[in-house]
Amino acid sequence: CKGKGAPCTRLMYDCCHGSCSSSKGRCG
């Protein structure tokens, strides 16, 4: 999974913590 601030997609489990911010395109 991806860490905070990492570029991400809209996949729910793409980020280790929290979810992907669709506006910034980064993990929150």
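Every residue, even glycine, has its Cβ placed from backbone N, Cα and C.
The record in Swiss-Prot lists a disulphide bond between C27 and one of C15, C16, namely C15. Of the cysteines listed (C8, C16), Swiss-Prot assigns C8 as the disulfide partner of C20.
Recorded residues C15 (disulfide bond) and P7 (4-hydroxyproline) have their alpha carbons 9 Å apart, per Cα-Cα distance.
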